[in-house]
Every structure is written in structure tokens, then in C-alpha cells.
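Q: Residues annotated as domain 'Citrate transporter-like' in TrEMBL: 54-432. The transmembrane segment annotation in TrEMBL covers 17-36, 48-73, 131-156, 195-214, 235-257, 297-316, 336-358, 383-402, 423-441, 461-481.
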Amino acid sequence: MEEDLNFVQRLRNCFRIHWNGFFYLLSPLVLLPLLFMQPLMENRALYILLLAFLWYAVDVLPQGVTAVLPIIWYPLFGIMSSMEVCMSYAQDSQMVFILSNYLAISIVHNKLDRYIALRFLKKFGVNPTRILPTLMILTFLLSIFIPDACACSLMIPLAKAILQILDEINVCKPIDNSILLKDDETPYPSKVANAFYIGIGYAANIGGMTTFWSSESGYEFQNVYNDTNAEANLFLKYIITALPVTICLLIFTIVYLEIIFLDLMWSKSERRITYDDEASVASLDVILNDNKQEKSAYVVVTLCLMVAFVILLIIVKILDQLGKENKHLYIKYSTFLMLICLIAFVCPVDFSFLNYFICQKPPVYKTSPSILPWSTIPKQMPWGHFLVYGSGLAFGVGINKAKVYKYLAEHLVESKSLVEKQLGFMGVGLLLSTMGANHLITKSMISLGIKASSLNNTDSSLFTIPIPITLACSLSFLLPVSSISNCFSSGWGNSYYYL
């Protein structure tokens, strides 16, 4: 009983139950000395970054609450005005994130994800240790050619549908029932589900590093070199440098997730997934037969989405070339994603209304629903992660505004050792981009990197420092706020493991 406990035992119980409250009250006090160190502006920005990093990493508050820290602290510390902070939450990449979510919702709404998932499982089997690398390799290949968020909008709904079907055929559970939920808290995913969601987010990030048109960091790298250093065969040199790195990273990530989440190395572990393979395949065949009548609607939606994505890629590349000739024309992915979403909002999911024009009676006398009804968006949109990704953009703007990157890396410019410069710039870029907005960090770090290369008598070669900086700034895997693909995976999967 409580009255039988001594003071130390009661204090221990208090910390055990209310540790998160003590953490978010004490963490600002522990970091307080930074506010009084010189230079003031840079250390104030570091204070906000470290505080937000701790709150995101420990998850003491809902992520959407931690995401508003820049709106509070940047104006109070004089780093940015309130208008500048709020505007940084609504950049082009934020629109790409929102519109990619719309596309994912349209896939789920029309059950396209389930249609593909059933055939995927029929083709590749129901073993999660085989499904995970297959999903990650597909995501990796997709994100080489399209933006990370677009790759996630196709693959995350597929992974979610696969998990639901695996639950139906008694292979594994998508939800971790061992975690006690508070109030209306969203259920947490199981270890298998975490592996799928995080694996897709990581694979999208890694694939985006392979080319400079599918990642924001690579796009900034291309812009800097188009303006400052007309390098011949830039695209080919970038791929030759990045491809071996990304393949090694992908292999390492697959093995790591298999070991951590799917107990790859522990064949006799009690936690290892066990199931009746023959019974699961038989159950899958039954589900496939039950869903055959939905085939036609799925094919129509699939065709619309795939054609839209192909058109998107073609138009983006054409207008990108036009943009190089006409400096006033600057169109990015958000424009074309909005066009696709507009088509999804107005295009009917079936064409029964055409019966009126061929003098036949329609199946039903009512309006044909669109591919993406607006009413479905509020129910499935992860609005909290809109703020999470926006906070990453705000942190990036704040880092540039306070010149934190210069404060941490400027001493490397004068170094005579090229290896020291490379490792130093990569380390600073990796640390800063952990809090998001890696494209903003990349742009600032490359400008310092070019200066460092020229002082090292390397003629600003892109192989010495700028490409390592670009790749390092893309290696932001630590937190949901770190990248758009991590944020997408966390928003749809409610993942809580990210190390």
C-alpha cells in the first residue's frame, strides 16, 4: 500500500510514472548555458535545435506539439520574425508532402493497394523476411526516378495492405497489442509493421541519393553547380560516385532491419514469427477469389495513376530544360502533383455516365464518384506530420539565418588536410540535417565546401567535398522530422522506432 512506502520508494514511483514530465521540464534547464555563450545568435539557434532533437528523440510530447517549437522560440530569441517562421512551414516541398498524401489516400480509398498487395503476396510469398527486402528494393528503384515523397505515396499504402492481409491469413499482426494506449491514442505498429514502414522510408531516402533530380539535396547540388561551375557530364559523374554508396547502404539497411525487427539471426528465438505456410497460401487463394469482382475498378484507377506519374516525369524533365534557358520559368514537382490531384478530384472512378450518350440505361441514377472524394481526406490525412515536416523546414531556415553551419564548419575551410575537410563537412552536414530541411543545409554547406576545395588547390572539383556533403546531408535517417520519406512513413505507420 502507498502509506507503507518510504520517501525514496514514493519518489522512485513518481519518476517512473511521470518521467516524461520531468524530462521536458528539466531538458530546457540543462541546455540553458548555451543561451549565454558567444556568439549569441548561433548558440541560441543550437539551443533550440538540441531541445527539439531531445523532445523528438525521447517522444515526451506528441510530435505535432514539438513541431511548433520554432514558432515560439525563433521570434523570442530574435533569430527570425514570426512571419518568416510561419512562411517557412509552407515551402514547395511541404506542398509535395501534402499532395503525395492525397495520392496515397486515393489509392487506399479505391482499394488499389489491396488489389496489388494480394497479387504481390501471391508472387513473392507470405514470409515477412522475404517481403521486406522486396519492398525496399522496389522503393529504392522508384525513388531513383521520382521524388521520395511520391515513391512513399505508392509504397506505404501497399505495405499497409500487405500487413492487413498477413493478419487475415494469420502470419503476423500489424498492431502491437502489448502497449497500453492512453485515451484516444493511435495504436502502435508491431515489430514487423515497423520494419516495413521504416524500411520503405529509408529505402526512399537512399534511392533519392542516387540521382540529383529525385532528392531535394541533389537538386540544390545541381543548381549550385549550374550557377558556379559548368562541369561536363555532371549527371554521369554524380551517379558513378553515388550509386556504389547507395547500394551498400541499401544492403546494410535491409540486413540491419531484418536482424533488429525480424530476428534474422535468432532462428530459435521465441519472438521469431511462426506460421503454417501451406494454410496461409490456401487462405490467400480464398481471399483472391473473393476479390476478383473488384478487378475492373482497380485497373482503371491504376491506369490513371500510372499514366499521370509517367506524364509528370516527362513534363518535369522538359520544363527543367526550358527553365535553364528561361530564368523566369521555375516550375517544381508541386505544380505537377497538384495537377494529378486535381485530375483525381474531378475524374470519375467509373464511366457509367457514358451510357447516356449511347442511348443505354445507366446502372444507377446518381452522380459518379471521383477517384478522390474530398470527404475522405480529413479522415486519413496525418495532419500532425504536416507540422512535423514543416518544423524541419523551419529549422533549416533558422540554421541558415543564424549561420550555424558557418559557426560549426568554417574552421575546416583553412585546414590543409583534404580528408579532415571531407569528414568534417560530412559530419556537420549530417548532424544539422538530422533536424530536417536537408536541401537548405546542403546549399549552405556546398558554398563553404567549394571555398574549401579551392583553397586546397583542387579547382573546386565536385568529387572532393561538395558531393560528399550532398550525400551526407541526405543520410538523415534518425528521426521522423529528418526527411520527407521518414515523415511520410511515421505519419502513415505511427512508427516509434527510428534508430
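Don't overthink the numbers, they just go from 1 along the chain as shown.
Glycine is no exception: its Cβ is also placed from the backbone N, Cα and C atoms.
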Q: Taking contact to mean 3 or more CB pairs closer than 8 A (sequence separation of 6 or more), are the transmembrane segment (235-257) and the transmembrane segment (131-156) in contact?
A: yes
Q: Mind checking which residues reach the transmembrane segment (383-402)? Cβ under 8 Å, same chain, six or more beyond either end.
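A: Apart from its flanks, the transmembrane segment (383-402) reaches 41-42, 44-45, 48-49, 52, 62-64, 66-71, 74, 79-80, 84-85, 88-91, 93-94, 97-98, 432, 435-441, 443-444, 480-484, 487-488, 490-491.
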Q: At a Cβ cut-off of 8 Å, and with pairs 6 or more apart in sequence only, do we get at least 3 pairs between the transmembrane segment (461-481) and the transmembrane segment (195-214), yes or no?
A: yes
Q: Can you work out which residues elsewhere in the same chain, 6+ from the ends of the transmembrane segment (17-36), have a Cβ less than 8 Å from its Cβ atoms?
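A: Same-chain contacts beyond the ends: 43-44, 46-47, 50-51, 54-55, 58, 60-61.
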Q: Just to confirm my parser: what is the rounded mean pLDDT across the domain 'Citrate transporter-like' (54-432)?
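A: Here the predicted model's pLDDT, averaged over the domain 'Citrate transporter-like' (54-432), is 80.
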Q: Please report, as numbers and ranges, the same-chain residues at least 6 past the borders of the transmembrane segment (423-441) whose CB is under 8 Å from any CB of it.
A: 49, 52-53, 93, 215-217, 219-220, 389, 391-397, 399-400, 404-405, 408-409, 412, 415, 448-449, 452, 465, 468-469, 471-476, 478-479, 481-483
